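Just below is one structure, and these are the notes that go with it.
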Amino acid sequence: MEFKHQTVLLQEAISGLNVQNNGIYVDCTLGRAGHSLEILKHLPNGKLYCFEQDEAAIVVSEEILQKSKYRNYEIIKNNFVNLAAELQLRNVKAVNGILYDLGVSSPQLDDDKRGFSYRYDSPLDMRMNQHQGLTAKTVVNTYSQEALVKLFQDYGEEPFAKVIAKTIVIARNEQEIVTTFHLVEIIKKSLPQKILKKAKHPAKRVFQALRIEVNQELFVLQESLRQATTLLAVHGRLVVISFHSLEDRIVKKYFQSLTKDPNYEINQQLPAISYFESDYHIITKKVIVSSVTEQTNNHRSRSAKLRILERVK
């Protein structure tokens, strides 16, 4: 199967990075190299480090980059939670920009063997790194009913989490749940007809929750962002593209925490002025979203949100 991937918010992300031609940059989510290629166009005398843990993506991106004229890059085959450690191994102490393009890519969704999509009948896998142990099949068949409820509520914001979890437990007691379509069928049985008639696919929230759990996406994001901000050089930029509210909330709150006076509540009660000056500045006071044209051409860009942080001292 041939997979197509359209890079989301490409020019907005590159503009946000404010690429210096001799700088050091990191693409934490190489994918199909869309953002990386664009960064390299602006980086004739610098270096780009590209993180990717998905072997299928690495094979494709290596081929794409090898066909380009650029050689000032290195692909790091690791999860971006290991950002600081991998750069330390390369004696990189500070960088001028870091980019995250979060979530599952179009080729991953369209791969009928990976289990990311509820639109294809495939094994319940959902691993970004196919060498890790935990799969969606393990979660669905071994987690307690209470754990599944919490998972669907916290990571999927699923209003019918309780009844879906209960139906899953009943179903797996009769037969192990091993495919995406089997799980979709169980979810549909759990929901009222008025929900099934809505445009949004009834399994969307549950699949999101399972994917986040399998790949520990929210923990990994929080930990990697913490490392990223400490690695930024003065005037370095951190650009993050997210695709659902849980990710965007983490990014937004983390950026705010870096720029807000830690004694804000105390200072509010005092007549004196606060002398707090943050090391960071939020460039995007208003989140950047895809244009109407991009949304028309690539429907997966509709949920994309881009935020930018700059280190100022």
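Numbering starts at 1 and runs along the chain as displayed.
Glycine is treated like the rest: Cβ placed from N, Cα and C.
According to Swiss-Prot, the S-adenosyl-L-methionine binding site annotation covers Ala33, Gly34, His35, Glu52, Phe80, Asp101, Gln108.
In this structure, Glu52 (S-adenosyl-L-methionine binding site) belongs to neither helix nor strand by DSSP; it is coil. Using a 10 Å Cβ-Cβ cutoff, Asp101 (S-adenosyl-L-methionine binding site) registers 24 neighbours. For the S-adenosyl-L-methionine site listed in the record, the two most distant Cα atoms among Ala33, Gly34, His35, Glu52, Phe80, Asp101, Gln108 lie 18 Å apart. Within 10 Å of the Cβ of His35 (S-adenosyl-L-methionine binding site) there are 28 other Cβ atoms, across all protein chains.
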